[in-house]
Amino acid sequence: MQTVWSKLLVWAGYFFLVLATAFAAAAFYYSTVQPTTLRLLLACAFPACIMTTIVWRKKRWSKPVCGGLFAVFLAWYLTDPPRNDRDWAKEYAVTADATLTNRVAHVTNVRNITYRTTEEYTPHYYTADYALDDLTSLDLVTSYWAGENIAHVFLSFGFKDGRHLAMSIETRRQKRFDYSAIAGFFHHYETFYVTADERDLIGVRTDIRKERVYLYNLALSAQSRERLFVSYLQEIHKLNSHPAWYNTLTDNCTTGILTRAQAKLRYRLDWRVLLSGHTAALAYDLGLLNTNGMSFAQLKAHSRITRPDNATPQDTYSQDIRKSLTPDAPAK
C-alpha cells in the first residue's frame, strides 16, 4: 500500500510540474517581452530546460537546476511591471482621467469614436463635468456576440440633464498583438477603463457589430450609485500613474464591477460572474434590478435594445435606445 501511495505522489508531482511548466511557457509566450524573437525563444527554451532536468532526474544537479529555473521565472513574473507607455491600438491610445472637487467630477478624454465600420473609425474626445447631486440612474449593459454564456458587461451612469457616461473595464491592447482571450490569463494586457459616450461604447455594439445588447436599470439607492461612481473615478485616476495588469479570471469586466462595488466574496465567486452572460440573472436574483414585477425572462425581453438595420449612433442615441425598450414585450 505504501508503494502505491508513493507512486501516486510521484505522479502527482510530475503532473504539477507539467502544469507549472505549461503555465510558465505560456506566460513567456503571451508576455510583452521584446523583441518578439526573445519572447518566443524563452517560451521554447524554458520547457526544454525543465524537460532536460526530468530526463536527467537521477543526476544530483537536476532538482537544484529545476528549482532554480522556476525561481527565476517567478522572480521575473512577480516583478514584471504593467506600463502606460506602449504603442497602443488606436481605440486604447488615450486614457481618461477624473478628479473630484466640491462634489463635481471633472472628466477628461471622454471617448466618443465615430464608427463607419469595425475597422474604420475616427476617435474623438471631450472634457465634461458631472455633478454628483445630478446622478439619477445607473444601468447595467450586457452585450452578446456568440451564445448565451459569455457577454461583455459594463455600466452607464445617467444624469439629470439627460447625459449618460458609460464606463467599461477592458483589456488595453497593443498594436502589435491581435486580441486573444487566452492571453488575458497572463501579463499581456493592462487594465483599461473605457470612459465614453454611449454613442461610442453601446452604439458600436448595436449598430456596427450588430451584437445583442441589453440595458437593465439598477435599483440602487442614490448613496450606492454615488459611491460606485466615485469608486470608478478614483480607479480611473489611479491607473494613470499606477497601471495594473488585466486578468481574464480574477480582474475582468465583471469582477472589476464587483470590486468597485465592494461586493462580498461569495458573489464574486458565483458561477454567473465567471460566465458573464448570466450576470444580469444574478443581479435579478439579488434584487439589484428594477423589475416592474416581471420575471427575469420578461425583463430580459423588455431590456433588449432594438435598432433599425441601417441605424447609426446620433446625438440622441441615449434617448433613442431607451425608447426602444418595450415594457410589454413577451417573454422569450
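Cβ coordinates come from backbone N, Cα and C, glycine included.
Please treat TrEMBL annotations as automatic predictions, because they have not gone through curation.
Annotated features, as they stand in TrEMBL:
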{"type": "COMPBIAS", "residues": "309-319", "note": "compositional bias 'Polar residues'"}
{"type": "COMPBIAS", "residues": "320-332", "note": "compositional bias 'Basic and acidic residues'"}
{"type": "DOMAIN", "residues": "122-263", "note": "domain 'Lnb N-terminal periplasmic'"}
{"type": "REGION", "residues": "305-332", "note": "region 'Disordered'"}
{"type": "TRANSMEM", "residues": "40-56", "note": "transmembrane segment"}
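Same-chain neighbours of the transmembrane segment (40-56): 14, 17, 21-22, 24-26, 28-29, 31, 33, 62-63, 65-66, 69, 73, counting only residues six or more beyond its ends whose CB sits under 8 Å from a CB of the stretch. The domain 'Lnb N-terminal periplasmic' (122-263): residue composition by secondary structure is 45 helix, 54 strand, 43 coil, according to DSSP.
Each residue of the compositional bias 'Polar residues' (309-319) gets a DSSP state, and the totals for helix, strand and coil are 3 helix, 0 strand, 8 coil. Per-residue confidence over the domain 'Lnb N-terminal periplasmic' (122-263) averages 94 (mean pLDDT, predicted model).
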